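Remarks on the structure that follows.
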Amino acid sequence: MSVFFIDWRPMNRSATQVTEFVLLGFPGCRKIQIFLFSLFLVVYVLTLLGNGAIICAVRRDPRLHTPMYFLLGNFAFLEIWYVSSTVPNMLANILSQTKAISFSGCFLQFYFFFSLGTTECLFLAVMAYDRYLAICRPLHYPAIMTGRLCGMLVSFCWLTGFLGYPIPIFFISQLPFCGPNIIDHFLCDMDPLMALSCAPAPITELIFYTQSSLVLFFTLTYILRSYTLLLRAVFRVPSAAGRQKAFSTCGSHLVVVSLFYGTVMVMYVSPTYGIPTLMQKILTLVYSVMTPLFNPLIYSLRNKDMKFALRNVLFGMRVSQNS
């Protein structure tokens, strides 16, 4: 019977030969690289503008100074950082001849990518709780979802997301990486890094994937439970206009949840060994790049108050430029 053993003592960094990794990204001829650079740059700029516009609208419009929009503003702020943890380096990598990323830079990206992703899961659960209270317990909503509780929930999301991964990622960084150093991906992810390690670390992998799976399953279970109760309450609303408004709000949230969780669970819960490398890259693009792009459209196009506030922000910018 084989016994797995892991030495938890930090290894000597000088004994590690690898000082940088090579991110292959999306290989292709020069024309394809230029096309991909232009495409991802446009997506990145639109993501920054869309989420930035939501933040400005929530800050400037007094009608949006409510818990739901406070959470939405924080969520937009999170999306800006989430997409910024991958796309700028991906753009630089496309233009680079060596496509190299330093050892410390790789693990810093690894940490921020997973911490921000965990924070997003928690935010989606908190936003589902907010919608549940607003629709299922409307009379108690102002007394329960106070500004203080809202601030505490937002702080909980950020702190839990960023305090959950330093120790596991530190131990992964202490594994020996003797070579090769080529990662067939556009970011530093768990599976490619563990494949390059010279020593097996099953306990470290188990801890990391167990932690990630628990976050995904608990938040997704809570979200589904909240929306199940919420939809039951919506069907009891007597007026058609009230049902339509509730469905509009819930539908936008469920689209975001489906896009994000659907692709994340394929990557980090189900086995990825049988999934082609290109498909893994596309799935990662969906939840890390495309979802932050779609969120402003999903939340603003189906919300009259947000559309009105965004028009005011854009109109105010035009007036200030013309004056």
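A Cβ is built for glycine as well, from the same backbone N, Cα and C atoms used for every other residue.
TrEMBL annotations: computationally assigned, not manually curated.
As given in TrEMBL:
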- 50-299: domain 'G-protein coupled receptors family 1 profile' (DOMAIN)
- 34-57: transmembrane segment (TRANSMEM)
- 69-87: transmembrane segment (TRANSMEM)
- 107-129: transmembrane segment (TRANSMEM)
- 149-171: transmembrane segment (TRANSMEM)
- 214-235: transmembrane segment (TRANSMEM)
- 247-270: transmembrane segment (TRANSMEM)
- 282-301: transmembrane segment (TRANSMEM)
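Here the transmembrane segment (34-57) has Cβ contacts under 8 Å with residues 26, 28, 64, 72-73, 76-77, 79-80, 83, 87-88, 90-91, 94-95, 289-290, 292-293, 295-297, 299-300, 306, 309-310, 312-314 of the same chain, all six or more residues outside its ends. Count of Cβ pairs under 8 Å against the transmembrane segment (282-301): among 107-129, 149-171, 214-235, 247-270, the largest is for 247-270. Here the transmembrane segment (214-235) touches the transmembrane segment (107-129). Their Cβ atoms form 3 or more pairs under 8 Å, with each pair 6 or more residues apart. For the transmembrane segment (107-129), the partner stretch with the most Cβ pairs below 8 Å, chosen from 69-87, 149-171, 247-270, is 149-171. Tertiary neighbourhood of the transmembrane segment (69-87): same-chain residues 40, 43-44, 47-48, 51-52, 54-55, 58-59, 109, 112-113, 116-117, 119-120, 123, 126-127, 130, 147, 150, 153-154, 157, 186-187, 288-289, 291-293, 295-296, 299, 305-306, selected by CB-CB distance under 8 Å and a gap of 6+ residues from either end.
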